[in-house]
Amino acid sequence: MRNLSFIVLFLLTLFFIHHLVDASLLVKSLPGFEGPLPFELETGYVSIGESGDVELFYYFVKSERNPENDPLMIWLTGGPGCSSICGLLFANGPLAFKGDEYNGTVPPLELTSFSWTKVANILYLEAPAGSGYSYAKTRRAFESSDTKQMHQIDQFLRSWFVKHPEFISNPFYVGGDSYSGKIVPGAVQQISLGNEKGLTPLINIQGYVLGNPVTDKNIETNYRVPFAHGMGLISDELFESLERSCGGKFFNVDPSNARCSNNLQAYDHCMSEIYSEHILLRNCKVDYVLADTPNIRTDRRRVMKEFSVNDSSSLPPPSCFTYRYFLSAFWANDENVRRALGVKKEVGKWNRCNSQNIPYTFEIFNAVPYHVNNSLKGFRSLIYSGDHDSMVPFSSTQAWIRALNYSIVDDWRPWMMSSNQVAGYTRTYANKMTFATIKGGGHTAEYTPDQCSLMFRRWIDGEPL
């Protein structure tokens, strides 16, 4: 009887674990892409939370080189609340939109030459619930926060590895960009602590990758003014007056300091028409792609009506970098696309970024302590910055890295493309942290994909940049 009870319990446990990750699908083709996919793509849901009330959606792309032995990385898009389609189709995945003008059909896709999946297995996760195709079954489960995300990522991974045991021994990394600068280092720490507590399966965590990482809002805000001056966006006189009147502090300014406030208003005026994610690019308005996306089966006139615009000139032209955001709204909401990806019927309309609709608590105001703890554990890290990003200036990232106070093992130098052209600049520290700038890059990798792909390939293979 005791043996029978044990067998029943064992079978129930296997059934429960299988149920957590049973909604997976091998995707052989996608609407918008001609022919079968030339890479292996799996999508699915993993149930997490106390009662399995959170359903996190993922895209898993196997490495094109040697998936059995190549590293595995989970990629977390910033936001919080932005879809991982941003990573898969905009940043470092194997597909991208062609950028043709929208004609009412499914936007066409094409292969990229710069995918990070050429050398690594990548798991693109839609987190927290409410991001992309992920959802929650109850209002309470829908609530999220910085620390809750970290715990859920750890829980997701251990459930996912149960279903994919062949990848347990692969070197594992956590990657992300923008607001994920707050989440990724904490998730690495959470995974490490889980391993130490004996949580199974053990995750072979080796390090993390961060692009243009939001780390400390005060530091980032403080470095925007000198960045703007260095880029010629404000005058010497205004910069010097800002330095004097504000005492070099440009955040939490004393409202009684009228001179500082007036100077900051002048600074804001100079920056108001600059595209902050990449100061050299055309400032295309993209507010409409952040709100509810339009009905797919509609003509151009109806599209403009739903976007509350009067003429086609109010829509971004295909030459605009952000036009791909417009296309993603139509692609991701197409019924055939959702069916091909295995999206559950409970999921409503897809938004590229759904931040305003997620009940989210911001708890981490400074992520530097997580970097300190991860350095003490001996984890590798790659931190990179586009040098034309004014949202999270590369100089602000350099500042908190210097504050870690680790000795330099490879000092500031250019790193080169294969064509012997300068791709950016790099420095490596004794805590196994590599910092790199991306020449001409913005917020984030998607603006200079060839350089970022080469940087990642060298770093993940243990080569110097």
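Note: Cβ is positioned from N, Cα and C throughout, glycine not excepted.
Positions annotated as signal peptide by Swiss-Prot: 1-23.
The substrate binding site feature in Swiss-Prot is assigned to THR77, GLY78, GLY79, ASP177, SER178, TYR179, LYS439, GLY440, GLY441, GLY442, HIS443. Over all protein chains present, the Cβ of LYS439 (substrate binding site) has 18 other Cβ atoms lying within 10 Å. A coil conformation is recorded for LYS439 (substrate binding site) in the three-state DSSP classification, outside any helix or strand.
Marked as N-linked glycosylation site by Swiss-Prot: ASN103 (among others). The number of other Cβ atoms within 10 Å of the Cβ belonging to ASN103 (N-linked glycosylation site), over all protein chains shown, comes to 10.
The active site feature in Swiss-Prot is assigned to SER178 (among others). Secondary structure from DSSP puts SER178 (substrate binding site) in coil. Around SER178 (substrate binding site), the same-chain residues six or more apart in sequence whose CB sits under 8 Å from its CB are THR77, GLY78, GLY79, GLY211, ASN212, PRO213, VAL214, VAL392, HIS443, THR444, listed in sequence order.
In the three-state DSSP scheme, CYS246 (disulfide bond) is classed as helix. If you take the C-beta of CYS246 (disulfide bond) and look for same-chain residues 6 or more apart in sequence within under 8 angstroms, you find VAL253, ASN257, CYS260, ASN263, LEU264. For CYS246-CYS260, the entry in Swiss-Prot reads disulfide bond, with the evidence type similarity to another entry.
Under the heading N-linked glycosylation site, Swiss-Prot lists ASN310 (among others), citing sequence analysis as support.
The N-linked glycosylation site annotation in Swiss-Prot covers ASN373 (among others). Within 10 Å of the C-beta of ASN373 (N-linked glycosylation site) there are 16 other C-beta atoms, taking all protein chains into account. When secondary structure is read from DSSP and collapsed to three states, ASN373 (N-linked glycosylation site) falls in the helix class.
Under the heading active site, Swiss-Prot lists ASP389 (among others), citing similarity to another entry as support. If you take the C-beta of ASP389 (active site) and look for same-chain residues 6 or more apart in sequence within under 8 angstroms, you find ASN212, SER276, GLU277, HIS278, ILE279, GLY441, GLY442, HIS443, THR444.
Residues annotated as N-linked glycosylation site in Swiss-Prot: ASN405 (among others). Secondary structure at ASN405 (N-linked glycosylation site), as computed by DSSP, is coil. Taking the Cβ of ASN405 (N-linked glycosylation site) as reference, no residue of its chain lies under 8 Å away while being at least six apart in sequence.
What Swiss-Prot records for HIS443 (among others) is active site. In the structure as shown, the Cβ atom of HIS443 (substrate binding site) sits within 10 Å of 25 other Cβ atoms.
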Candidate with sparsest Cβ neighbourhood (10 Å radius) among GLY79, GLY441, the listed binding-site residues: GLY79
Secondary structure at CYS260 (disulfide bond), reduced by DSSP to three states: helix
LYS439 (substrate binding site) and ASN373 (N-linked glycosylation site), distance between Cα atoms, whole Å: 30
Residue pair LYS439 (substrate binding site), ASN103 (N-linked glycosylation site) - Cα distance, angstrom, rounded: 35
